[in-house]
Amino acid sequence: MQKIKSLMTRQGLKSPQESLSDLGAIESLRVPGKEEFRELREQPSDPQAEQELINSIEQVYFSVDSFDIVKYELEKLPPVLNLQELEAYRDKLKQQQAAVSKKVADLILEKQPAYVKELERVTSLQTGLQLAAVICTNGRRHLNIAKEGFTQASLGLLANQRKRQLLIGLLKSLRTIKTLQRTDVRLSEMLEEEDYPGAIQLCLECQKAASTFKHYSCISELNSKLQDTLEQIEEQLDVALSKICKNFDINHYTKVQQAYRLLGKTQTAMDQLHMHFTQAIHNTVFQVVLGYVELCAGNTDTKFQKLQYKDLCTHVTPDSYIPCLADLCKALWEVMLSYYRTMEWHEKHDNEDTASASEGSNMIGTEETNFDRGYIKKKLEHGLTRIWQDVQLKVKTYLLGTDLSIFKYDDFIFVLDIISRLMQVGEEFCGSKSEVLQESIRKQSVNYFKNYHRTRLDELRMFLENETWELCPVKSNFSILQLHEFKFMEQSRSPSVSPSKQPVSTSSKTVTLFEQYCSGGNPFEIQANHKDEETEDVLASNGYESDEQEKSAYQEYDSDSDVPEELKRDYVDEQTGDGPVKSVSRETLKSRKKSDYSLNKVNAPILTNTTLNVIRLVGKYMQMMNILKPIAFDVIHFMSQLFDYYLYAIYTFFGRNDSLESTGLGLSSSRLRTTLNRIQESLIDLEVSADPTATLTAAEERKEKVPSPHLSHLVVLTSGDTLYGLAERVVATESLVFLAEQFEFLQPHLDAVMPAVKKPFLQQFYSQTVSTASELRKPIYWIVAGKALDYEQMLLLMANVKWDVKEIMSQHNIYVDALLKEFEQFNRRLNEVSKRVRIPLPVSNILWEHCIRLANRTIVEGYANVKKCSNEGRALMQLDFQQFLMKLEKLTDIRPIPDKEFVETYIKAYYLTENDMERWIKEHREYSTKQLTNLVNVCLGSHINKKARQKLLAAIDDIDRPKR
């Protein structure tokens, strides 16, 4: 394009812009005419040759418009000019020029219509511009006319109006500043009214207004004053926040939170709140303990105020220890309740804020609120554990500040109950197991309980040695749950029962302490005399609660209210001053013996005063175990020792007889023998009487053992009229069985608190010890059965009978009648004893079974003493035994008769042949060697020869050899 322009320039042509600027030159612009174009086009041409000419033109000719062609060509001339060469070169240039001109002419001719059209458009544009110039000229003329129309007065009026508006705005600003100057009075009033949100709102509005007028010099001082006021409000707000820690008030806390929200410091407020709670715990416990210490000191010495809390706790006296502990827990409860209600407040308002935020559209503000809410929630949840840890440490310090071993049992239980309640609070507060509290009191409890248990074992031994085994007259519907010591079991079944006697909730939902006492009250408001609010009603008014006629006849014995309280306490612990248990005095029992017991009460418990003491002790042990579950195993172990010692005492007093084991009747099972041996090895100190000068080391080794008890000399077991102390034996044995039944009843409760790793001990105790209590009946009542009948006299009568008769007798022998008379006398004596003591059916059956078994074995022994016997004599034996059975079945209801087959089989063995008898001897090893030998000797001569006799005796000797 530049080349074309250059060419046009050289030929005198102008661009369209130049044509517009000088319209006059348009006419003078020479454009090749059609004729010229036609001539150029009509000239014969070779396009290829023309193109080659154009291509042969040097590139420099097409470089820039400022290129000087003449100069370029002149500079190319050689130093020596040659005319022919110059002409040839000139002709070449002309040919090139002609080719270019023709090419340009072709291009111009081709673009001429567009060129003409563009010139027409330019002409039209020029006309429009001329019209616009006329319009502008008219506008300027009218503007000058309007300007000249306004006067100086009008402009002055407008200036005054503007000044008036400015002055009105200034007056308004001055009034606002005046109001701001007086807001400090209103702020003070609002702070006194504890209207913190209103005060902060007002202060912030004042600061905002002051920032609007910051261009006034007086505002800077006002800003400083408002900032000081705001800081003062924050200080008072912090004080108000601290009041929440001890006495939470919803309205008060709502105002405080609204105020902090206005300040945008909700997170800071939560941090401050936790600091205040920590400080409140410290100040509260210190003030409570300090108050009791100063009260007990009896002076106004201020030295205690300078002590550390740990040292201050060591100055609490034993008398004030429990009240101080209760008040300490009350105060700490108030702090934790305030924290609990604080969390409730935030949960409630979080839900409300979430609901309102879901309706709004400010996403940025909602995100900030959610962040603050999440921070506060995490802070509160973390604070639960932190606050409870502080509470535990404070109470632990208090617990360890005093030696609890000097406390009475009830006082110690009271302390444990308070701590247990506190641990329950901790579990509900933050789910903590209160390891700090548990560990701090566990060791003290174990040590205390070991000493207490040792004292109780010695006391139990004294009771057993002074026990006359008389009935303790309790009601027929007696239950251990009626005793004070087991009241806690009824309370524990209802989760809402508390020591402060709150009504039991009928709802099945468990109510927490915080829910129960949220509106008022305190779980540590325990009355010391709470246990005396109810009285026991377990003693029968007359024996076993006989009929109305008996009650009226012996009404003077219906109550023991006239018996001094001192007589009811057979033993007082010299160390603790604690009466062991509530028991009925022996004098009262003697007075009640005058009345007959109602023996029809098949369910009336048989127990003694000592049994009741043991049951009460078990109740106390379970109380401690229920309160302090970590020592459950130790307590249950000590409880098992109480039962072990009672069982061992009953066996020692009434069942120990070495001759029993020689009977071969298996009266004592292997389990019972194992249990007795275990008790003797682990619990009984057999050396205490044999070696009174034992060394200190030996004494320490036997510290956990108890001397074997001795039966009271008042208990007579040698009189035949009383069936050798049958009444005492029944009371003792059945009281043990009753005690075992109570342990069976308590097994689920013990199993529930026993640690899983220790449960095998409990299972073994029940399976090998408690369940063996009823097995003591056999050896104990066997001794009575062995003396109740005169078995030796029967053997003498049987020895006088002639058994080698030659004819069958129709009349039984006299020894049968004598034996039946012995049974009749035994039955009469048994009835006499049953008037004093109810004899349970199992006991009666065992007695009859033992007596019948002994009688039958005595009969076999009598038959084994016979030197000569005929077949008729054997028939007489059968007649005697059948007569005995017939009469005996009228005296007893026991079926089948014990050892009936034992006698019949022995009598029938007389008729066996040699081979049958040999087999019979090997199969019936229940007979003694003497009895088998006599059977063989008596048969000699009748149907057994001497050779067979020797063979049978050898078989008997083979059987007897392993027994030696």
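Even glycines carry a Cβ here, placed using N, Cα and C.
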Exercise. According to Swiss-Prot, which residue among Ser498, Ser708 is annotated as phosphoserine?
Worked result: Ser498
Problem set entry | phosphoserine per Swiss-Prot (candidates: Ser361, Ser492, Ser559) | Ser559
Seminar exercise, completed: Students should find that the region 'Disordered' stretch in Swiss-Prot, chosen from 36-58, 542-564, is 542-564
Problem set entry | Of the residue ranges 1-25, 426-450, 501-525, 651-675, the one that Swiss-Prot records as region 'Disordered' | 1-25
Exercise. Which residue range, 187-215, 216-244, 593-621, 854-882, is the one Swiss-Prot calls coiled coil?
Worked result: 216-244
Exercise. Looking at the ranges 82-105, 106-129, 250-273, 826-849, which is given as coiled coil in Swiss-Prot?
Worked result: 82-105
